[in-house]
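As structure tokens, the structure follows; a few thoughts come after it.
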Amino acid sequence: MAERTLRGARLGGQSFEDERGIEFAARQQVGYLCKQGHDFEVTMSVEADIPAKWECPRCGAEALSTAGILPEEKVEKPARTHWDMLLERRSEKELEDILKERLELLRGGEIGPAHLHRANKKKRVS
Ligand SMILES: [Zn+2]
């Protein structure tokens, strides 16, 4: 029966005496090429999902897989506009009511730019 226990290496550099029963995961070399033309290989398990991109070890740029693995299309979240955010808080009906209310106030000179305020509205004692 194969021994499955990994023994620790003793000080003194004694080699691992027995590797029977220890299975190493199969490896593969995956090639990448960066925009600067640096090519390199990364060792990966054959079971690994090969990333489409890897950071170039020489210049840090993004390198693309030479195995023809394409980057996954990112599911792009549509940008939320102010309008979207507004609709999350109030329905269009509510907004319409608010608009109507504000327009009435505006027309009545209650709100809005000071120079549009009606002169006959609540005069302040000056
Ligand atoms: Zn590079």
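Just so it is clear, glycine is given a Cβ too, placed from its N, Cα and C backbone atoms.
All TrEMBL annotations are machine predictions without curation.
In this structure, Cys56 (Zn(2+) binding site) belongs to neither helix nor strand by DSSP; it is coil. If you look up TrEMBL, you'll see Cys34, His38, Cys56, Cys59 marked as Zn(2+) binding site.
The Zn(2+) site is set by Cys34, His38, Cys56, Cys59; from the centre of their CB atoms, other residues of the chain with a CB within 8 Å are Lys35, Gln36, Gly37, Phe40, Pro57, Arg58, Gly60, Ala61, Ala63.
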